[in-house]
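Engineer: Annotated domain 'Spo11/DNA topoisomerase VI subunit A N-terminal' per TrEMBL: A:70-135, in sequence order. The feature active site, O-(5'-phospho-DNA)-tyrosine intermediate is assigned by TrEMBL to A:Y98. The domain 'Type II DNA topoisomerase VI subunit A all-beta' annotation in TrEMBL covers A:139-188. Annotation source TrEMBL lists domain 'Topoisomerase 6 subunit A/Spo11 TOPRIM' at A:191-357. The feature Mg(2+) binding site is assigned by TrEMBL to A:E196, A:D248.
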Number of protein chains: 2
Amino acid sequence: MSTEDTPDPREQLMALAEQFYDQFEDGDVPRMQVPTRTKTNIEYDEDKHVWVYGDRTSTRTAKTVSGAEKLLKATYTIDFLLQQIEEGRSSTLRELYYLSESWDLDEAQFGSQDESNSLIEDLEIVSGATREDFHMRPEESGATIMGPLRLREQTRRGEREIHCQKDVGEGGYQIPNNPDTIDFLDNDADFVLCVETGGMRDRLVENGFDEEYNAIVVHLKGQPARATRRITKRLHDELDLPTVVFTDGDPWSYRIYGSVAYGSIKSAHLSEYLATPEADFIGIRPQDIVEYDLPTDPLSDSDINALESELEDPRFQTDFWEEQIELQLDIEKKSEQQSLASRGLDFVTDTYLPERLDEMGVL
Amino acid sequence: MSTEDTPDPREQLMALAEQFYDQFEDGDVPRMQVPTRTKTNIEYDEDKHVWVYGDRTSTRTAKTVSGAEKLLKATYTIDFLLQQIEEGRSSTLRELYYLSESWDLDEAQFGSQDESNSLIEDLEIVSGATREDFHMRPEESGATIMGPLRLREQTRRGEREIHCQKDVGEGGYQIPNNPDTIDFLDNDADFVLCVETGGMRDRLVENGFDEEYNAIVVHLKGQPARATRRITKRLHDELDLPTVVFTDGDPWSYRIYGSVAYGSIKSAHLSEYLATPEADFIGIRPQDIVEYDLPTDPLSDSDINALESELEDPRFQTDFWEEQIELQLDIEKKSEQQSLASRGLDFVTDTYLPERLDEMGVL
């Protein structure tokens, strides 16, 4: 959220610390209010099509020793984050946990990494900033991009202008941990195609699909990292490009689509930053399994359970998904993206994707 | 193995097919001889310090229906691979499995992906070529490189010259599926540093370690892909650079070091292509846990079992490893790379790595 109309994360963190200071000065017991983060306080926003928190809040207060220690840890962490932002540095969640061992007060040190992770989530929610604004890096970085797009990345070593076809190897452009360091310069793209598996991503690049169809191919690498979801959202919103998601045809892959499009319960406070509700599912649909007579595997018990729980999931309560999931429960089969190779290595790029993109009105 | 003194993989594959043809013509039953691939026929070569096959061989013969079908599948696969190499195309192991459904003879189609994977391994061993020579791509691609190295990658879209600091974003240069498409042009590097975790790789890059110490930082991403091991070997051999491996301090990470340095049982036929026996282990050593007083976790039962089995593993039968593993069993503790952050975010680059590199004679 480092666009110009959002407040400085340093001010937002400082405001939190000042709030504790004022509470002390007024003779109040210091406290911090955060939305209750249980499943019952997370709602699916039918208008925005993403997960958001409900109205219930919890209060962390210094009335108890453990509550006081929580706030102490919060102030030490705010101090560290302010210094880190000031110095233009960054760290991982795991480093923060270990780093607390160097703090002078034993009571301020974290007992487990769950505790420090959870505090950073609290600070994201209360300050309205994101982990990326605090310069906290994930352990696992984003995936890659290949397509007709020129961008400028602000690195610690200066700016880098990179064309995501002409200036990269076959591996593509590696998405940095914080994609908000990127400016999109110019592009010849007609749409964004997010792809689940590396095998299919490589197939599309080898067949020159990104060149022939002016597609920006984003490799999701299974369940996508935050950086991958963030850049997908920015590509869609800022370049005004239709965005489609191409995965295996099984319930776990539908969840990958769901996390790109609608966000996840865990990151409900970040849905507007990470989710792309306009992203459409291109396939593999259960209908494709039938129509293209694809090689299949039988559904396992856990596949069936996952499909049934998707029927109850508000994100999948559309005519499209109900029809597809019921068809899949009926045929009791699933297919992988790469099963399209049973029609030859060019079938996916010559036939399947063009047909689907045409049906969906993208081409 | 696409160096100039190795034979053309097409000729090697064709020779196999010709052998079947000659056997038919001579009225012999067609057959193919491969080294027996059981644990008892894999030996640790004490001179070369890598795993190699022993002398025992098995014969696939068309005397039985199932044996005849195996050879039939081999000829169809050889035909496909020859065509693929001819056309400059490539495919994944999974695509090969699905693709066999399009072959005209039902008996030539693979029953499972294990069957097609295993046939490709047979063909690697018998022909002396590698999967990469056959243009078979892995599902998961290699990791990234950051350092003072300029290279030329031969892509399907022409040559790309890339400097692995100046022409890439903070994510680094993405290693392609087949790193033998790369030529190293020039470099200012003093050594190669392979790093297990993304968090530590990002720390080194953020702290400018690659610039200050002229290090080529290779991200292993846990257990490294073939492409990552291959490029590490090439960096060591062709650029004559000392190579060190930096992982967590636990038995699973010692195995990561082992796969970089000595190869694995599964890829014993490729040890000379993938393994870097000269690579040294920099840490985290159990000795570091004690000397630097690092934050630790207790060893689990499976950690203890893994350490004990490493004591029996010929790869770890050196004074160094016996001493370190026995020390670890004694202190009953393990530490992660990132636990060095308990001494501050710069400790790893200002103190730990320079001290260790100096002790090892690399600096």
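Every residue, even glycine, has its Cβ placed from backbone N, Cα and C.
Curation plays no part in TrEMBL annotations; they are all automatic predictions.
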Engineer: Whole-number answer please: how many Å between the C-alpha atoms of A:Y98 (active site, O-(5'-phospho-DNA)-tyrosine intermediate) and A:D248 (Mg(2+) binding site)?
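Structural biologist: Roughly 39 Å, rounded to the nearest whole number.
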Engineer: Return the count of C-beta atoms lying within 10 angstroms of the C-beta of A:D248 (Mg(2+) binding site), excluding that atom itself.
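Structural biologist: Looking across every protein chain shown, the total is 21.
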Engineer: DSSP helix, strand and coil counts for the domain 'Spo11/DNA topoisomerase VI subunit A N-terminal' (A:70-135)?
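Structural biologist: Going through the domain 'Spo11/DNA topoisomerase VI subunit A N-terminal' (A:70-135) residue by residue, I get 45 helix, 2 strand, 19 coil.
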Engineer: Listing the recorded positions A:Y98, A:E196, A:D248, which lie under 8 Å (Cβ to Cβ) from chain B?
Structural biologist: A:Y98
Engineer: Where DSSP helix means H, G or I and strand means E or B, what are the helix, strand and coil counts for the domain 'Type II DNA topoisomerase VI subunit A all-beta' (A:139-188)?
Structural biologist: 3 helix, 24 strand, 23 coil
Engineer: Grab the pLDDT values for the domain 'Spo11/DNA topoisomerase VI subunit A N-terminal' (A:70-135) and give me their mean, rounded.
Structural biologist: 91
Engineer: For A:E196 (Mg(2+) binding site), what is the secondary structure by DSSP, using just helix, strand and coil?
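Structural biologist: In the DSSP reduction, A:E196 (Mg(2+) binding site) maps to coil.
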Engineer: Taking the Cβ of A:Y98 (active site, O-(5'-phospho-DNA)-tyrosine intermediate) as the centre, count every other Cβ atom within 10 Å, in any protein chain shown.
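Structural biologist: A 10 Å sphere around the Cβ of A:Y98 (active site, O-(5'-phospho-DNA)-tyrosine intermediate) contains 26 other Cβ atoms.
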